[in-house]
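Student: Below you will find the structure I want to go over with you.
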Amino acid sequence: MDYVLDAADRNLLTPYVYPASWPEGGALRQVLSLLLLTNLGAELLYLGFASLSFYYVFDHRLMKHPLFLENQAQREIKLGVTSIFWMSFPTVAFFFAEIRGHSKLYDNISWPLVILSIGGFLFFTDMVIYWLHRILHHKSVYKYLHKQHHIFKVPTPFASHAFHPVDGFLQSLPYHIYPFLFPLHKVVYLVLFVFVNVWTISIHDGDFRIPWPLIEVINGAAHHVDHHLYFYFNYGQYFTLWDRLGGSYRHSSALLGKGPLDHVRKLSAFDMLGCNNSLQPTVIEKC
């Protein structure tokens, strides 16, 4: 005969984690658990995937670019880890509302609905992030929030989460708002949460290769590095659609042979000829 633990028995199994007097469904216990899991999960996701990308994908020749900062990777990591910690507090408020049943998250699998919801999630978040990102570039707020991210002109994968905490949370809002507006499977939501974090790392990884049919569609690292270098272009997250509609699309300089890695190659060539390799990109052509 199977024995089913009641709530009191379950509480007695974890006396060293929470006091036995704290009910399993209690708000304080749930919030603290969510804070721990969110912090640990997000930090490990960031440091794990960014490290893999930095050591196995990122082209380290980019660190020779004149705009690459001294100890830049360490500065990116410090800002990223700190930002994730502070971002976790408002993020947990959304997670708490979700586990309390206030969202449209559901359990039963319906594959047509799952496929539709993934497409809806990508379209919705790409659209909202584009406009949020443009607002963060407005002179009235830029210097207070988004400027911290833009000090990294030639980013490494560790720059992916190196934001002011308020900036980072604002740009994550569309991900959290979506399941309160539209149905989304719980497992799909978790997978998409991991995906958007990995994607954010990938567009900072310095790998400018894009399958040729998608060059004009996907806003990958080749397009995003131009956003860091030229500021007013390529605000999108996944696609180039909203940049095209908003008049902020810039064809990737890397795909035209004028990207940061191309500049590093020129610097190396001019250095071999005895030219001054500290010249800026706009001047080096004259050497």
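A Cβ is built for glycine as well, from the same backbone N, Cα and C atoms used for every other residue.
The domain 'Fatty acid hydroxylase' feature in TrEMBL is assigned to 121-247. Sequence annotations record features per position, and here TrEMBL assigns transmembrane segment to 31-58, 79-97, 109-132, 187-204.
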Student: Does the structure show the transmembrane segment (31-58) and the transmembrane segment (187-204) touching, where I'm treating 3 or more Cβ pairs under 8 angstroms (sequence separation 6 or more) as a contact?
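Tutor: When sequence-distant Cβ pairs are counted, the transmembrane segment (187-204) touches the transmembrane segment (31-58), since at least 3 lie under 8 Å.
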Student: How about long-range neighbours of the transmembrane segment (109-132): same chain, 6 or more residues beyond its ends, C-beta under 8 Å?
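Tutor: 170-171, 173-175, 177-178, 181-185, 188, 192, 196, 235-239, 241-243, 246.
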Student: Short question: which residues 6 or more past the ends of the transmembrane segment (79-97) have a Cβ under 8 Å from it?
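Tutor: Residues packing against the transmembrane segment (79-97) from afar: 27, 30-31, 34-35, 38-39, 42-43, 46-47, 50, 103, 148, 158-165, 168-169, 172, 176, 180.
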Student: What mean pLDDT does the predicted model reach across the domain 'Fatty acid hydroxylase' (121-247)?
Tutor: 96
